[in-house]
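Per TrEMBL, active site, proton acceptor is recorded for 243. Per TrEMBL, the feature ATP binding site maps to 114, 115, 116, 117, 118, 119, 120, 121, 122, 137, 196, 203. Annotated compositional bias 'Basic residues' per TrEMBL: 1-12, in sequence order. Residues or ranges marked as compositional bias 'Basic and acidic residues' in TrEMBL: 26-36. The domain 'Protein kinase' feature in TrEMBL is assigned to 108-366. Taken from TrEMBL, the feature region 'Disordered' applies to 1-102.
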């Protein structure tokens, strides 16, 4: 197993202050950088969401600033308001006599922890009636934001997003789609989400690090092609994931071909065609360049930027925007020219010059 770099990366950070960065020179010159002097050196990574979770003050500040920005943004982050109205949210998909917590415990069994993020814990479990594997996500009430779904009903934002994607349907294992939301329970203390859990599977971060050798370009293409399709599906439904990264990409490993599934919609929001955002919520190391230079970022170009970040981390090492500014990230000169072109276009420092997701689908590297 490859060693991981020891550095501080915060999983879910609401950034409100800019850092000083070198002046940008327009289009990226990433494709022209020198290759690493030691391409065979061990890859060193750190799992992003195992760092300290976001504090309540940071979270509330992010949401407070987002509400103020709402007059400009209309939808998206501005629509995710504090949880004071969440008590009006239906307590579960089906009304039953049991209280929500008892209903959950009667239907599902919870076991070992799978992971921890800035918004809560995720556990493995199964449905008692048929032993269906599930993932159970516990989100404290003070971390739950609400929004109106596409039908005008007030729901927890993560629930609304997953319902808009058509989740709640079983049997999506083996397809390139977000994991399905099977149930949700709104208790006095927390929101409990019950999600599909493909078995066997692991997130892309672990998938990369558990390989004896680095992933080659052929396998990277298989993963990125599915990821672009999944991101386009979100865009077509006016959903901005905000935090696409290896830790939020699940890889089904039950067949010879890895199957990609997007997970963790805790930062996701709805957006309109012209939506833009000034408060950054996501992984600090992956902030797009335009946020540093204009204090604004948009869903489409940001998602394309994240496609480049994921590809870089598959083929190279952990990505960091500040190091990218300083030309301190090495580029493997052994990848094909088409792959290099795809990466360079995704990581263009000018968001207006980045291709759309639809254009990425048609890029020569993926065809």
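Note: Cβ is positioned from N, Cα and C throughout, glycine not excepted.
Overlay of TrEMBL feature records on the structure.
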residue : record                       : DSSP (3 states)
114     : ATP binding site             : strand
120     : ATP binding site             : strand
196     : ATP binding site             : strand
243     : active site, proton acceptor : coil
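For residue 114 (ATP binding site), the same-chain residues that are 6 or more apart in sequence and have a Cβ closer than 8 Å to its Cβ are 122, 123, 124, 135. Each of the recorded positions 116, 196, 243 was scored by how many other Cβ atoms lie within 10 Å of its Cβ, and the smallest score goes to 116. For residue 120 (ATP binding site), the same-chain residues lying six or more positions away in sequence with a CB closer than 8 A to its CB are 137, 138, 139, 140, 143, 190. Looking at the domain 'Protein kinase' (108-366) alone, the prediction's average pLDDT is 93. Calculated from their C-alpha atoms, the gap between residue 116 (ATP binding site) and residue 243 (active site, proton acceptor) amounts to 15 Å. For the pair residue 196 (ATP binding site) and the residue listed as 'active site, proton acceptor', the Cα-Cα distance reads 20 Å.
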